[in-house]
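Undergrad: This is the structure, below, for whatever I ask next.
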């Protein structure tokens, strides 16, 4: 029985069996009885609970906090509020777990769902801080909750012509969904020499992500026209995928095709910021309304330019998690990218145009289509391109470390449970290790933004605890992916097609390094056991010597060949004992830093 159907059966068993209902009691705490900082109690607007409400969230630092005493368990948090001036954001801290939310506009008192929180201490606190401000807070209420597990998702891709390798990846993601999550990392595309920096890998304890994200930003024609150099980013990602067997995710900060403001440095309207609404006057709605016009043709030109890069992955038979046109909605202040500035209908038209162009016109059947939604914003569902165009739905969350992100997860689960994989497509912090068990939050994968976010928001110990958790899949825990290329010649560490002393030099330079710490998968890890050691030297030596010793069925060599053969045997280098001892000590030190 396939993993998909096994999990379908499991769901029916869960439905048939007993369900834990949690605690029966609701706990309400009136805001006006809490600790007030820069705010005051009022009662002049009717409809509130208790003796009043808290108002005056006007300045930075304004806050209200209450002490909470509840039974241990999982709770939904609901906040009574009024927000007469439109949707307003707030910051929240519950028992040390940071979070954030949005109050919808309401001229009368109502309540808003603020997410799930696991309270494991009999006494804790809740603090609500201003953020946007200009709202009133009535009460906080904890309601017992049960863990809702994600339903299995059928792995059928929206593209019926998807390649077998693309379907292989989707099958794997669907099979692990709800039980494990892939550790991803958006790479610094400015880093030419390494997929991830040594500093980052030291912080993870040598654990390498299973999923690497990159950006096709510098392949935008309007950037290339101004001298931008992509520096072989596509080729670099292809090489990494082939060497490591890791998963590739690509996005595109699309510089507007034309109408860049091209302002002076420091203006915020420089040409290289041309993906931002403020740096271009490009009118997407007008361009789409005129398919025969020059600006519509420029849209096609740019999509075709990106198709050239995606074709490289297709030709290498590497599937791609493709996440175009991300964060289109922006926030209540407007779209921050030009592809969302003309509203949801124009955005969806562009997304579908891109899908049709890449899929039908260019035959890019190696793409798994991911759509990022601004969950929590008003009418965010209006920005969904449609089930027939999306394989994975995602959300980008930038919140405080420790935030379980239950609000965003719950909203997506309510909308897409059992229909689409749900992913944390960008994040400023790593999901806490307990989110799967305590909350049922089971992202298909999570993708921290550039390296500095992990460094600035988590200690090395926190990072290693999260990426080393049983439910988190790193590169070493992936199955052997079909796009990982075996060495064409065992012992050919430099990839020049021959086993020679130069390959010994590669082995020597990598000796003692884990494959993670050696800039992805080390070419000198001949036996793919995760570390470059004497076993790999033996592979090189044996294959080097094999080229010098005639086999029984090998044609007889002439004298010159035999002479070269004897010379090769004489030239086989052996690691010097003292040098090897030093290298081994270094290897042991590196190994201590590497998880399992």
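Just so you know, glycine gets a Cβ as well, placed from its N, Cα and C.
According to TrEMBL, the active site, proton donor annotation covers 327. If you look up TrEMBL, you'll see 426 marked as active site, nucleophile. Among the features that TrEMBL reports, domain 'GH26' is placed at 164-476. Under the heading domain 'Dockerin', TrEMBL lists 486-551.
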Undergrad: Sorry to bug you, but what's the C-alpha spacing from residue 426 (active site, nucleophile) to residue 327 (active site, proton donor), rounded to the closest Å?
TA: 10
Undergrad: Compute the average pLDDT of the predicted model within the domain 'Dockerin' (486-551).
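TA: Value for the domain 'Dockerin' (486-551), mean pLDDT as a whole number: 70.
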Undergrad: Any same-chain residues 6+ apart from residue 426 (active site, nucleophile) with CB under 8 Å of its CB? Would you list them in sequence order, or say none?
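TA: Those within reach of residue 426 (active site, nucleophile), by Cβ under 8 Å and sequence separation of 6 or more, are 186, 326, 372, 394, 396, 397, 398, 447, 448, 449.
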